[in-house]
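Asker: When I checked TrEMBL for this same protein, it listed these features:
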type: DOMAIN; residues: 16-99; note: domain 'Ig-like'
type: DOMAIN; residues: 108-175; note: domain 'Ig-like'
type: DOMAIN; residues: 202-275; note: domain 'Ig-like'
type: DOMAIN; residues: 291-378; note: domain 'Ig-like'
type: DOMAIN; residues: 407-510; note: domain 'Fibronectin type-III'
type: DOMAIN; residues: 513-607; note: domain 'Fibronectin type-III'
type: REGION; residues: 602-632; note: region 'Disordered'
type: TRANSMEM; residues: 636-660; note: transmembrane segment
Amino acid sequence: MDDKSYFTLLVFDVGPKFINNPEPIVAPLGDEVEFDCSLDVKADYLRWKHNGKLLPFIYNDTAKSRLVFKMNNESQIGDYQCIAWYGASAIASNSARLSLAEIGPIPPKSYRSVTVSEGNNIGIKCRSPYSKPAAFIQYYKNNVSVEAHVSKSGTLLLTNVTSKDSGLYSCSITNPYVKENAIFLPSYDNILVSTDLKENPPQFSYLPESLYTVQIGANVTLECVGYGQPIPKYYWKRKNGTLPLNKHTIVPGGLLLINVNASDEDFYTCEIDNGIPPKLIHNFKVVVQEPAFVEKGPLNLLVKEGGKARMDCFIRGKPFPKVTWLLNGETVKNDSHVLINGSTIHIFVVEKRHAGMYQCMAENILGSSFGSSTLRVEPRQVTAKNSFGMRQFSFHNPRFRGSEMIPPTRPNVTRLTDNSVMVRWHVTPNKGLPILFFKVQHRELTKGKGSRWKTNNEDIPPHVGSYEVVNLTPDKYYRFRIAAVYSNMDNKLSPNSARFFLHGGKVKQTPAAPELIHTSAAGPESIRLVWEYHNNSKIPIEGFYVYYRSTSTAGDYIKATVEGEWIRTYVINYLNPDTAYDIKLQSFTIDAASDFSEILTQKTEKEPTVSPPSEKPTTKKTEDEENESSKSSNQLYVTLGAVLGGLGLLLMLCLGIFFCNKHRQTSTVSQEQINLNGHIPISNGHVGKSNGYLTSKMNITNNPLADTDEDKV
C-alpha cells in the first residue's frame, strides 16, 4: 500500500443525525399521506426524493420536514427519502415505502364437517385472501360472532371442547383501507362434539404450516392441532439438540418459542399419538430473520487529491442486506473512479468532486439502516524548483510568485462556549502573492439584511489557521468568513461559512479533556507536544485545540487545530528562540470543547552561533616542496581565475535583472502605495515575529474589507 495515496486522517463520525426517519405507509387511492423526518442539527434546507428523483418542494432553514400529498394514482407508489443539505454536503434518511392498500380475490366456497369427542382441541382456519395491510379476521358460530382468541396466523382454537361448541363456523375479514364493512367469506366448518365415539387414530384439524419465518427477538407459536379417540398427546423435539431451555412452552395447539434468536433456527418435529396407530408427525423449519443494521459505519477521511481512499461498513442482517453507497445523497455506482465491493467502497483516484458526506445504506425486507462519514480532499500541492535545483513549495519562494491572490478556504465553525466559537481555515499551496495576515469577520443572520459584517481586531499571522471569536449571542444564527491581506496591500475574502447556530445553555455531552504528558524543544522556533486522550465519555471527537503563548506575557493564547481523534503529537512552529511558552490542550466536537488540560511550560532552544574559523599553524617547507607547491598553486590560480571570471559575468547579469525589476517595482509602489492601517508594503513579503503576531495592530471599522459585500449571506 502506498503511504502517499491513502488517507492521512481518521476520525469517528460526528455529523448530523436523523432523529426520525420516514416510516412505511400503506394507503388506498384518494387518501392523504404524510412522511416526516427530523434531524438533531438544523439544515440549510431539506428536500424529498421519490424513487431516487428529487421532488420540487424545498424546506429552508429547518431541522424537520413533513411531506403531505394526496395519493391520486399508482405512479406515486414507491420509496420516499428525506435529504438534508449542509452547505455543499448532504445526508439522506432511510427510505420509506408507500404501498397501495389492497385485498386479493375471494377464494372459492369450502365446506367441511368434523366430529370429535369431548375434551379434544380443534383448530379452525379461515380461508382468507391476501390482504395489505393484514386484515382483521372475525369468526362466527351459527352467524353469531365468537369472542375467542385468534392466533397471529388467523386460527381459531377451541380447547377441551364440549357439546356447547357444536355448530357451523364461518368467518369474515375487514381491511378498512379498502372497504369499511366486513367481507364475509364462503368458508364453513361444521363441528359436532360427541360423547360416544369409537376409538380412532389422531387426525389434524388442518394441515399445519411447514415454514415459519420469524424476526429476531419475537415470539412464535408452531401450530400443531390434532384430535382423536382417546384424546392424543403431543411430543416435541428439535433436530439439532434439545429444545431451548427456559425459552419454550408447550401450549394447547402448538409449541411457543420465546424471544427467538439466531441459535433457535432449526428443524422442529411435532408428534401426535393416542396409542392408536398411525401416529401423526409433522416437521417445521424455523428461519430467524434480522433487520438490516450497520454495526459500524465508515470513518471520516482526509485524503490527498490524486490519492486513494477506502471506506468500510460493518453490516449485519438476514436476509443479508443490499448495500448502496451515496455521496451527498446521490448514488456513486456510475463513477468510473469508484469500485463498490459489497459493504466496501474504493476510490482509486480521489478528486475534489469526491469530497462530501458518504453513506452506506443497508436494506432488507425487514428494514433499513445506514452509516455515514465525511471525506475531505486535501488539494494537490504545487511545487517548483529554485535556481539551484532544490525542490520546494511555491509559497516559500517569492521569486516564483505571480500576482494572483489565492483566497482562504471556506471556514469551518465549532462551538466553544455559549458565546464563543472556533473558526478554522487553510490556504491551498499556490504561486500567488504572499499573505501578510488574516482577519476574521462574522455576521449575525437573525438581524436581517441590515446586519453588517464585524471584523475582529487581531492581525492573525499567515501560518495560523484557527481563531476564537468571542462575545457572540447564544441561540442566534451566524456566518463567518476570512479576509486575507496580501503583500500588495490588497485583500481577498474566503467563501462564507455555512449557517451556524450557536446553541445556548449547557451541552448534554461534553468530551473528556486530554492529558498533556510531555513537551520538548524541537529547535529554536519549535516545540513538540505529546498527549494522551482517554475517551471515557464515549463521545467521538473531531480533534484537539492547541493553545500557546509566551510565559513572559499575559496576552491571548494563539490557537492551532489538530484534526483527528487518534493524533497524539504535534509540533508548534514559528516561535521565538530561547523563549518559554505556556501550553494547554482541549478536545472538541462540533457542539462543544472539553475542559483544558494541565498547563505545561517549555522553552525553545537558543539560536545557534557560528564560530569563526581557526587558523592552521604554518610549517617550514623545503625548497623542493616550495617549488612543487608553486607549480600546483599556479595551476590552481588559473583554474580559479577562469571559474571566478565566469561567475563574475553571471553575477553582473543577475544584478542587471535585479535592478531593472527593482526599478519597475519602485515605480509601481509609488503609484499604488496603500497605507493599510499603519502597515507599509514589504518588498520581500516577510514580517518580523513577535510571539507569532505582527507587531502593529489594525483599528478596523465594522466592515472595512468588503463594503460591496454587505448583502452576502
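Including glycine, each Cβ sits where the backbone N, Cα and C put it.
In TrEMBL, annotation is done automatically, which means it is predicted and not curated.
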Asker: So which of 16-99, 108-175, 202-275 is most in touch with the domain 'Fibronectin type-III' (407-510), counting Cβ pairs under 8 Å?
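Answerer: Answer is 16-99, with the largest number of Cβ pairs below 8 Å.
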Asker: Are the domain 'Ig-like' (16-99) and the domain 'Ig-like' (202-275) close enough to be called in contact, which here means at least 3 C-beta pairs under 8 A that are separated by 6 or more residues?
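Answerer: Contact criterion not met.
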Asker: Average the per-residue pLDDT over the domain 'Ig-like' (108-175) and send me the rounded value.
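Answerer: Here the predicted model's pLDDT, averaged over the domain 'Ig-like' (108-175), is 93.
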Asker: Quick check on the domain 'Ig-like' (16-99): DSSP residue counts for helix, strand, coil, in that order please.
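Answerer: Counting residues by DSSP class gives 3 helix, 60 strand, 21 coil.
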